[in-house]
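Here's the structure we're looking at; comments come further down.
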Amino acid sequence: MGWRQLDIDKVHLALIVAGGFITFFCYFSEVFRKKLLVGEAVLGSITGLIFGPHAAKLVDPFSWGDHGDYLTVEICRIVLDVRVFASAIELPGAYFQHNFRSIIVMLLPVMAYGWLVTAGFAYALFPQINFLGSLLIAGCITSTDPVLSALIVGEGPLAKKTPERIRSLLIAESGCNDGMAVPFFYFAIKLLTVKPSRNAGRDWVLLVVLYECAFGIFFGCVIGYLLSFILKHAQKYRLIDAISYYSLPLAIPLLCSGIGTIIGVDDLLMSFFAGILFNWNDLFSKNISACSVPAFIDQTFSLLFFTYYGTIIPWNNFNWSVEGLPVWRLIVFSILTLVCRRLPVVFSVKPLVPDIKTWKEALFVGHFGPIGVCAVYMAFLAKLLLSPDEIEKSIYESTTVFSTLNEIIWPIISFVILSSIIVHGFSIHVLVIWGKLKSLYLNRKVTKSDSDLELQVIGVDKSQEDYV
């Protein structure tokens, strides 16, 4: 009988991989971020792929028990709540008051257009699902992810060249639309699982739009205002120390996540608007540096999550011809989604968005709408909500759409996320190369102009330049 302490445990292997990767990234973060221009999402996904069940086979989250889908949903929930709160407190004070029109246009028309267009692509390319199933798939990838555009809105070299109004617009949009994707997601869920359809429409308006979203926003604002009021007096009477002050960006979103889940409201919107009201007068952000504990928390969560994502990518299903998922359909769907989901509508609404001044900025904003954590969250939440345990037996057995969606929704969504990581993760390299080529061209043009001027000064005809 061997020494029990030396038995290898799967969870401990996962801790070694996660801890080792984060340590490695921290030691060489300057190289990765500012020289190689590679962010947490790309490196984390690669690490998860290497050590996951399809390569080294050291980490397989779905072998830890029978609740893999639920575990993934809760991991995503915590990461999203912390991230959207961090986005909210990063914005200038009273940002929504001064930029309300830009935010509303970027949330409602842009998200609605992307949802419907993506649903059309899914319906055309995946014949085994009906249009409601296509709307559900589109609802999962309606929101944008701030991590994949961290080099633009964070501390990357391109962030300094991005106008502050564009940077703030992207932060506000990516932080808010994670929660705003909930009505689009539940629209299909309600129509699929609630019969008759008029009851589904009633539940969607009353329970999802008004209670989950509207009341979630209101409750988040109340919590944010109260906590800001308490913080103000805690500082005034010196009741709070520095360590506790830096713990708030983690504690408050966890509080919102727990309360929101228990009372059944949209905890993502609740966390975001709690952050907005918490920092409405810059009370919090003016006393905390950009590269302090909140940034550290966000980085750690991002590294852990995308490493986890790399281990759950269903590579075996990316050429699943039996289920009508040949890889060419996934590639075409991903390309169409990334190209047409935002760019056309952002160009269309550009005159209505005061923060977007030029067509070049419209192209920039339209392109940087990456798909990430929220898509994983909603894909696995859809699997839970469409399981036999959550749907009336008569409704579940009346159609095969539930079992079909349960089988194909994650392969489709994960392939789109992977495509987004590749495209948006390396877009920065294209921009840098383009900038260098443009600079080289302009320098050569200036040099040639100076040379022509010198020839004119010494009286040499330009046609005789070769003989000088």
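Glycine too: its Cβ is placed from the backbone N, Cα and C atoms.
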Practice prompt. Select, from SER197, SER451, the one residue given the annotation phosphoserine by Swiss-Prot.
Written response: SER451
Item to complete: Would you mind telling me which of 36-56, 57-77 Swiss-Prot tags as transmembrane segment?
Response: 36-56
Discussion item. Ranking 36-56, 81-96, 169-189, 204-224 by the number of C-beta pairs under 8 Å to the transmembrane segment (293-313), which range is first?
Written reply: 36-56
Worksheet, complete the sentence: Cβ atoms other than its own within 10 Å of the Cβ of ASN319 (N-linked glycosylation site), all chains, total 13
Worksheet item: Measuring Cα to Cα, how many angstrom lie between ASN287 (N-linked glycosylation site) and ASN319 (N-linked glycosylation site)?
Response: 52
Response to the item:
A correct count of other C-beta atoms within 10 Å of the C-beta of ASN287 (N-linked glycosylation site) gives 13
Practice prompt. Any chance you could find the range in 12-32, 204-224, 362-382 with the most Cβ pairs under 8 Å to the transmembrane segment (408-428)?
Written response: 362-382
Worksheet item: For the transmembrane segment (204-224), which recorded stretch in the set 81-96, 103-123, 169-189, 258-278, 362-382 gives the largest number of Cβ pairs separated by under 8 Å?
Response: 258-278
Discussion item. In the three-state scheme derived from DSSP, which category covers ASN319 (N-linked glycosylation site)?
Written reply: coil
Worksheet, complete the sentence: If you count CB pairs under 8 A between the transmembrane segment (103-123) and each of 12-32, 81-96, 169-189, 258-278, 362-382, the winner is 169-189
